[in-house]
Amino acid sequence: MLDFQAMISAIGPELLLALAGLAGVLAGAYMGDRFNGLSFKLGAVTLLLAALVVIMNWEGGEAFGGLVTTTPFVNFAKCISFIAGAVTLLMAEGFLKRHETIRYEYPLLVIFASLGMGIILSASNLMTLYMGIETLSLSSYVLASFHRDSIRSSEAGLKYFVLGALASGILLYGISLVYGFTGSTDYGDIASSERTIGLVFGMVLMISGMAFKVSAAPMHVWTPDVYEGAPSPVVAFFATAPKMASMVVFANLLFTAFTGVFEDWQMIIAIIATLSMLIGAFGALIQNNLKRLLGYSSIANMGYALVAVAAGAEYGAAALLVFMTSYVIASIGLFGGVLSMRREGGMVENIDELAGLVRRRTGLALALTVLVISVSGFPLAVGFIGKLVVFQAGWNAGLLPLLIVLVLSSVLAFGYYLRIILVMWVKEPVERFQPVGSTVSLSVYAAAAACLVLFVFASPFLDWATQASAGFIQ
Amino acid sequence: MGNFPILTAVTFLPLAGALLIMLVQSATGSNGQDEETRGRQSLMAGLIFSAATFLASLVMLVSFEVDAPGYQLVEEVSWFAGIQYKLGIDGMSLLLILLTTLLTPISLVASYGTVKQRLTEYTIAFLVLETFMIGVFCAMDLVLFYVFFEAGLIPMFIIIGVWGGAERIYASFKFFLYTLLGSLFMLAAIVFMYMQAGTSDITVLETYAFAPEVQTWLWLAFFASFAVKLPMFPVHTWLPDAHVQAPTAGSVILAGVLLKMGGYGFLRFSLPMFPDASQFFQPMMFALSVIAIVYASLVAFRQTDMKKLIAYSSVAHMGFVTLGIFSFTEVGVQGAIFQMISHGLISGALFLIVGMVYDRVHTREIAAYGGLVNKMPIYAAIFMLFTMANVGLPGTSGFVGEILTMTGAFQASTWAAAGAALGVIFSAVYMLTLYRRTVFGPVTNPALENITDVGKKDLITITPLIIGTILLGITPNLVFDITRESSLRALQMITGG
């Protein structure tokens, strides 16, 4: 019979999210529009509860005959993803209200996407992985086109859907090859099977599919368009929670299922990382739209994260968690900044609209400066520690060429990050932003404060990540 | 003083002041007063905080034991992953901190009345910058050092970018990216050293023997950063741009303190940690130093902008610093440290002097001046003093630094010393030409007809620097006694002493 205790400890958070999501659908069906306002708060609370359940079952476990296995490593990512999902959900409310698209479907979609993240993180079988990815992706496609009356949003959704479906197909094809040549879809069985050319082929296809999900080059082309077109709160969500989850899943898959063919994938990941770092940095240099810029910046940052992946499980696991967490925190704040850019007649997205922000809203400008400093990896904020540990991981693994690219790309990146600081501090101020509600400002301030606090008190944070990835160190 | 963390207090007092100003200003709102009044209040508050920092650093001076070897007033707290928040000072860092805490209030006073826009942010930027500069000089952990070293770029970037001249955006970007690229190489080296030695504690690394071939790479990585910062030929080109565009106070800090971080870095890291590589690169350093001295002096002679001229003169004078450091003699190293302090005072004063006439006439073109002695006699006298100090007249601190670094260099290489001596002559040429063309002669520019002589504010800013320059010129032992231990330690791995 089912062992409930083990099941709860393995997939408790996912059960909670699934049940809450279904209850939300029912509540929406009965209450209709009256549920709209309430649903956002309830959704955020549900996600935070899920994070709490993750923390309570930190050591994780196995369930469904090995279809799902949770470890502290994935629980770390789950925790951060759920919290990020909750924060971005709260930030979305005001925006959607002003655009008259505040509907209870939005939090439900976020919850189902989070459910997908939970499932892929817990997966220890390729079938579970694929199911989770589809749950996450389908919710995401709908979210991207949530403003269905807006051409840009619809275009973003369609683009995301077509390319995403293609990537899923490639991933599935890879899964079928791996299954065909190893005879199993279980991570453990795949890891212990011998290296065949078919297995490597399947793995390469799977890497391509996963690279799409984390928006790593050369599968990155959707990112700037979707970032620009999709509604800002949706992008805030895309840039944080699913990024964290997908990247850790990517690493987890390579570290556990494909640990036997480490040499084969290390080179591929290294190339993907190099391309992402360069394309992201060069692409962002010429952007004027802040959302597009952040899109390219995320490509570059995924490149840095992949350096940690390429360093292998022993060196890179903890570094990956630290880097991704610091990136997610900074991204939440930066998208809070994007959401604050509201003028008479709608949202603005051009970098120049931030001109002279320091004189109009000193607090916001300072917070954004801290966040930009953090995401650029400059000392003074947690992003520096993130990059430092990635650098260390790469160094330990002997990936010198990658590190040189990392350094060069970081210098390039300062070119566009500095421009944001410069515009806020130097340019003559333009018209004031319209107020956007306290949740957004609060999130920006909290994210900036978190960047500074985690920098000063880095030790517990690093210890936590190291302890979470202890399972990878033999 | 017991266990009172005096170094932390000195380091973070300006930052605390900046936060306080920020909080008070945002809490009181506009409150009916116009921006300028509020800005002036902020500046006064900033002045009080930086003056308090100066007093605190005097306490540090008093509690410093001159003859004790090693680092003093050490504070240590674990930060993360074996990296520590560790502060400590020796004679060299003590004097550089004093220089920093002296120049910051002076630059704030100099900004009074001249900077009119956004004075609150201006004050905050300077206070934050002061914290980072002090931090650089007392960090005893490589990563902590790097954090302070890099962090200082942001406030300086903003100071140049916001309150600078017409080409400020270009200049601030150039300054930032040049310095950053160099620093990232240093970061790579720091990570490697941390991996190899298992610690980033400077006191441990000073005696850690890296393999000679490794040393070469590490040395080059640190060199990339310090050479840009110092700046050395051929990576000095950011400096004239940055200086010309920076506001007067920014130039004072830039020339007075930020350039010294390069020399400090060579003495604190390159020499003790990579002794073999340092010796290997000695000829290159000598060559670059002499080129810097001669070339920058010649370029300075051709400048039409006063600030640019002094900027190139800074490049030449910092050439003496590297010359002294890489002579590997006690007298050379002592001279280099002395030269850093002395140049901090003199170049700071020269930028203030340029600032004084710029505030009155709003041009830095040398050709726009002439005959100032008729209108501004006191100004002419002060300018004369610092012209002579910059040339290296005996009795001023400029002389001591140059003569000692050259003596040190002479023991290592006659040719290098001879080349550097040429630079001394050139410095007389360009400085005296500058002085003649601005101060002597008839008044040709009608804008100068109603110019007023130095005011109270100008005297307040310049007097401490006059006293410092002459005092150190007459009794240089004040400095040498304090820095002897540090120079010996910088050399101990090379000379085996």
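Cβ coordinates are placed from backbone N, Cα and C, and glycine is handled just like the others.
As given in TrEMBL:
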- B:76-134: domain 'NADH:ubiquinone oxidoreductase chain 4 N-terminal' (DOMAIN)
- B:139-422: domain 'NADH:quinone oxidoreductase/Mrp antiporter transmembrane' (DOMAIN)
- B:45-64: transmembrane segment (TRANSMEM)
- B:92-112: transmembrane segment (TRANSMEM)
- B:119-137: transmembrane segment (TRANSMEM)
- B:143-163: transmembrane segment (TRANSMEM)
- B:175-197: transmembrane segment (TRANSMEM)
- B:217-239: transmembrane segment (TRANSMEM)
- B:251-271: transmembrane segment (TRANSMEM)
- B:283-302: transmembrane segment (TRANSMEM)
- B:309-328: transmembrane segment (TRANSMEM)
- B:340-358: transmembrane segment (TRANSMEM)
- B:378-400: transmembrane segment (TRANSMEM)
- B:412-432: transmembrane segment (TRANSMEM)
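The transmembrane segment (B:92-112) makes contact with the transmembrane segment (B:340-358), as judged by at least three Cβ pairs under 8 Å among residues 6 or more apart in sequence.
Within its own chain, the transmembrane segment (B:45-64) has Cβ neighbours under 8 Å at 1, 6-7, 9-10, 13-14, 16-18, 20-21, 24, 72-73, 89, 91, 94, 97-98, 101-102, 104-105, 108-109, 123-124, 126-127, 130, 134, 482, counting only residues six or more beyond its boundaries. A mean pLDDT of 87 is what the model gives for the domain 'NADH:ubiquinone oxidoreductase chain 4 N-terminal' (B:76-134). Packing against the transmembrane segment (B:119-137) from elsewhere in the chain are residues 10-15, 17-18, 21-22, 25, 36, 38-40, 42-43, 45-46, 49-50, 53, 57, 89, 93, 96-97, 100-101, 104, 107-108, 111, 144-145, 147-149, 151-152, 155-156, 158-159, 162-163, 249, 253, 257-258, 261, 264: each is 6 or more residues past its ends and has a CB under 8 Å from a CB in it. Across the domain 'NADH:ubiquinone oxidoreductase chain 4 N-terminal' (B:76-134), DSSP classifies residues as 37 helix, 12 strand, 10 coil.
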